[in-house]
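Have a look at the structure below, then the notes.
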Amino acid sequence: MDIRYSVNQRDFKRYTTDEIRDEFLITDLFKADEVTAVYSHVDRMVTLGCMPVNEMVSIDKGIDCWKNFGTHYFLERREIGIFNIGEPGVITADGAEYKMGHEDCLYITMGTKEVTFASDDAAHPAKFYMVSAPAHKPCKTTFISIQDANKRPMGDLKTSNARTINQFIHPDVLETCQLSMGLTRLEEGSVWNTMPAHTHERRMEVYFYFDIPEDNVVFHMMGEGKETRHIVMQNEEAVISPSWSIHSGCGTSNYTFIWAMGGENKAFDDMDNIPTAELR
Ligand SMILES: O=C[C@H](O)[C@@H](O)CC(=O)C(=O)O
Ligand SMILES: [Zn+2]
């Protein structure tokens, strides 16, 4: 498993492009019949991807749970949120089957021993994008479709940031230990997400960008508001955002992204907003 340690904001100022990418960027999430997993020491969040094609793939495929987590199975002391960003597939969680269409989400509780992924059609595979956080108690495994998500329209086409924040794993929708997740879609002609920018010292975040059309990219902004850097993101890549970092992006076209947060609280609006004119 790929393990990333924590970086502080002072050292970060001196990082080269390659160093920024090595620390924060997550690529190759969807290798056929494999599980890609990146363990971050920032709030111990694990970001995973799985594209089952010919096999039913177990969540711990290629992961040594005892060595990496000191547990007998992946979700023994963790919770997880999973989105299918591909074609239809099935997730099985301790015998219960969940049919996962495009952009459906499943929250799976701590204590679930067996989790597997399969695609309905090998020629049109499902793509499961997931983020897992340490958990301290069982909650209810819950299927959440986009209709069930809390909708928060934001921004304006005039400022190129008209978008809808869909809060899937959110206290208004279901209970979790610390995980929050959702999907934000930009409208055609809108390219800026999360502007005005913010940080939240109480939570870290992982952004996963997708639906970026071919030959387009998203410039993901990072760093303290007064000392920004960027990472150029290709389609279906994720980026780790420590608590001290802004997380905002500008695309060469519109796109969609999934955000995941964990840390001290689950108060979505607990943000430290940065006036745009103060960014550097
Ligand atoms: O803390 C909240 C997260 O950064 C995202 O939900 C922000 C977002 O989707 C947006 O403004 O476009
Ligand atoms: Zn945020």
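Residue positions begin at 1 at the first shown residue.
Every residue, even glycine, has its Cβ placed from backbone N, Cα and C.
All annotation found in TrEMBL is predicted automatically rather than curated by experts.
Owing to the predicted nature of the structure, the values given are computational and were not obtained by experimental measurement.
Binding site for Zn(2+) per TrEMBL: His198, His200, Glu205, plus His247 from the candidate set His124, His136, His247.
The binding-site residues in question are His198, His200, His247, and the one with the fewest Cβ neighbours inside 10 Å is His198.
Other than His198, His200, Glu205, His247, the residues of this chain whose Cβ falls within 8 Å of the Cβ centroid of the Zn(2+) site are, in sequence order, Thr194, Thr199, Arg203, Ser241, Ser243, Ser245, Ile246, Met261, Met271. For the recorded site, His200 (Zn(2+) binding site), the DSSP three-state label reads coil. Secondary structure from DSSP puts Glu205 (Zn(2+) binding site) in a beta strand. Sequence-distant neighbours of Glu205 (Zn(2+) binding site) (same chain, 6+ residues apart, CB-CB distance under 8 A): Ser241, His247, Trp259, Ala260, Met261.
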